[in-house]
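A.B. asks: After the structure tokens below, expect a handful of questions from me.
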Amino acid sequence: MTRKQRRLTLIGLAGIVLASAVGLILFALSDGIAFFATPSEIAANPPAPDRRLRLGGLVETGSVVKDGPKISFAVTDGKAAVPVRYTGMLPDLFREGQGVVAEGKVDAAGNFQADTILAKHDETYMPKEVVEALKKSGEWRPEAEATGPEPKSVTR
Amino acid sequence: MIVELGHYALVLALALSIAGAALPLCGALVGDRRLMAIASPVSIALFAFVAASFAALTHAYLVSDFSVRNVVENSHSMKPLIFKISGVWGNHEGSMLLWVLILALFGALVAAFGNNLPMRLKALVLAVQSMIGTAFLLFILTTSNPFLRLVPAPVEGNDLNPVLQDIGLAIHPPLLYLGYVGCSISFAFAIAALIDGRIDAAWARWVRPWTLTAWIFLTLGIAMGSYWAYYELGWGGWWFWDPVENASFMPWLAATALLHSAVVMEKRDALKVWTILLAILTFSLSLLGTFLVRSGVLTSVHAFATDPTRGIFILIILCLFIGGSFSLFALRAGTLAQGGLFAPISREGSLVLNNLLLTAACATVLVGTLYPLALEALTGEKISVGAPFFDMTFGPLMVPLLIAVPFGPFLAWKRGDLLAACQRLFAAFAAVLLTIGVGLVFAGPSKALTFFGIALAVWLLVGSLSEFAFRIKLFRAPLGESFRRARGLPRAAFGMTLAHGGLGLTVLGIIASTTWNTETITTMKPGESVTIGSRIVTLDGFLPVSGGTYSGTAARFTVREGGTTVATLAPEKRLYQVQNMPTTESAIHSFGLSQLYISLGDVKADGTTVVRIYFKVMILLIWLGAIVMALGGALSLSDRRLRVGAPKPARAGAAVAAE
């Protein structure tokens, strides 16, 4: 092989690897990601049943029903509420009236079938997306959140 | 008083680092030996001052000095001693101080043990190291000062985030930082080579031990973090493709590529420009990781506090160092001489393939980590990129890499013989076919993907052992001869076999634990039992527990197998009173390499509770494999040819290695 051929082989190899990486990324970005949605957005615009979503808002007070490991509750942003079904254990900081993010899909009946539930990491922290969703719907009350030992306002 | 001394030591450290950055650089540029000579003592003094400052902060934590704001916010007088110490870096300010401490440590190590380095190179390396130190010391002193006082001092502190009150905090961050920040040395060497305009095989020999050291710690740090998340979070998952995890994984991928390309450079004087680029890239990814984790652009348990000025400051550091180093690279890379020709099928070729796939995989992780941030900044749309994305991108790129791993060592330098390599991998091929055959017979074609994965792990394991067996002529020569050959092999050869084998173990653990994981979620009352495989798990009852700043409930589970008790587990539900934060402490019992994992839900007044029981088959292999990889790295590091300060290889050693 001449020097040129060797170099071309290397460049070709690099090209193939890079092209497959780019192809994989583009494919995965159209299929493997979840969009964030607020309850109002879901109510206004019901998503396709196989679309993965992250639903964020507050756990509606009085909506939590536990049947063993099967849990149903509603996520609200003050304007609309979406019923959520989940099987499994809830995070330690999952509470009524508190912020939550659920990841999953909306089924044909309009229930949000969650496979992952995320709650706050600690008392003073609230998922960023939830804060913004609440600000959007005008339900944001920062003083209601500050229950920790040293009040820190949740700002970004 | 001690706090003020620590504060002052930090300010002096900043002054030293500015001197250490400017003077040796000028010295190297004008060729003044006296100016270059101050690099070493300044680097050692810098480490001493940062260490003094760190000790002062640790002291404030130990005596619970609540006049220091940082201690108030993150400590509590009732906290156990170990968490008082680890709490020093369990917050933003302290962890940045640890970062700089380790940076200074590496600088001091180069100063102390780099006696065989040419004076100019050493001065330049230490100057670059001091520049990084200057930037981060400025960052600490202006935006994240841990020594600020609080008046009036409260009587009690706010306690540390309960999730962090774990032995994992004492181990994970220091290990990870040793790895993260250790990459700064290869970066400094790369910049020094670019400024110097000269680079040769000796350069690669100096850089490799440092890269290897950083890589070992990074491997252990990531593995430890993964195990910590696994037992602490109570979800039974060990890797979440969380941006913060990715932030440490990207430098690891780049450092792995760097290790391999440095071999080519050392042995064959080829891939010089690429190696330099990788060294810059690796540390840039470390810096990017620091930015992602510390700036607050991501919300996670790692982002202790969000303060926009800090984010901007780290972003400036990031742009200066990454932009500066890449500009320097663009300007100077052309002047570096190219060397070492090789055929595509050769040891070099296989290492190039390794590098291509590793960097491409690293790029997919980078895109998956940054895409949501970029999209939100540009369009305001919020998305989450999780496991499905990485399964679709990272996975397919890893498969060819794992297939290629055993071939590499069998190919000769310059021009390899693929057919001969295949013949020598006969045993590995046989093992793979056997695995797939057994899988098809016992599990059927529906589990084809699983058996493909297991076969891949077997291929890696048998393939790396084959190479070792081939080199010592196992079964082809008398055993005594094989033993003599094994003793004559350089430790680096053992290291490679171990590291590649460890990778096989990790892959096996990942595939086995995800495929045969059983998860049972059920409601239980005291006295009730669940059957998990051949074992019966009984909830005996509840006990109150308390300690440190928490109180809670422990459930007692007895595990019986064939009528005899084989284990008792006590998962807990705790409430940390100071932070008013509940946590779940899972209980884990290992059966061989597999683990039974129980975590508790809320306990109701009538004693019923939701229980989550996992049985994770061979899951320990995931972390065991990582430890074996790190062990391989350590063995390779102890090879005298690589030892820092060791003379050039003896002729006898070179002859064995060349075989």
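Cβ from N, Cα, C; glycine included.
Unlike curated entries, TrEMBL annotations are predicted automatically.
The shown structure was predicted, so the numbers you read here are calculated from the model rather than taken from an experiment.
Checked TrEMBL, it gives:
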type     : residues  : note
DOMAIN   : B:89-295  : domain 'Cytochrome c assembly protein'
DOMAIN   : B:315-640 : domain 'Cytochrome c-type biogenesis protein CcmF C-terminal'
TRANSMEM : B:6-30    : transmembrane segment
TRANSMEM : B:96-114  : transmembrane segment
TRANSMEM : B:121-141 : transmembrane segment
TRANSMEM : B:175-195 : transmembrane segment
TRANSMEM : B:207-229 : transmembrane segment
TRANSMEM : B:249-266 : transmembrane segment
TRANSMEM : B:273-292 : transmembrane segment
TRANSMEM : B:312-331 : transmembrane segment
TRANSMEM : B:352-374 : transmembrane segment
TRANSMEM : B:394-413 : transmembrane segment
TRANSMEM : B:425-443 : transmembrane segment
TRANSMEM : B:491-516 : transmembrane segment
A.B. asks: Tell me, what is the mean pLDDT of the domain 'Cytochrome c assembly protein' (B:89-295)?
C.D. replies: 91
A.B. asks: Can you name the far-off residues of the same chain, 6+ from the ends of the transmembrane segment (B:6-30), with a Cβ under 8 Å from a Cβ of it?
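C.D. replies: For the transmembrane segment (B:6-30), the sequence-distant neighbours (Cβ-Cβ under 8 Å, at least 6 residues beyond its ends) are 36-39, 42-43, 45-46, 49-50, 52-57, 59-60, 97, 100, 104, 107, 120, 123-124, 126-131, 133-134, 137-138, 140-141, 145, 147, 195-196.
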A.B. asks: Can you tell me which parts of the same chain pack against the transmembrane segment (B:96-114), counting only residues 6+ beyond its ends and a CB-CB cutoff under 8 A?
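C.D. replies: Cβ under 8 Å, 6 or more out: 10, 13, 20, 39-41, 43-44, 46-47, 50-51, 53-54, 57, 88-89, 122, 125-126, 129-130, 132-133, 136-137, 139-140, 144, 146, 173-174, 177-178, 180-182, 184-185, 188, 206, 210, 290, 294, 644-645.
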A.B. asks: For the transmembrane segment (B:273-292), could you work out the same-chain residues 6 or more beyond its ends whose Cβ comes under 8 Å from its Cβ atoms?
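C.D. replies: Same-chain contacts beyond the flanks: 99, 180-181, 183-184, 186-187, 189-191, 193-194, 199, 204, 207, 211, 243-244, 247-248, 250-251, 254-255, 257-258, 261-262, 264-265, 298, 311, 314-315, 317-318, 321-322, 325-326, 329, 333, 336, 338, 355, 359, 362, 366, 369.
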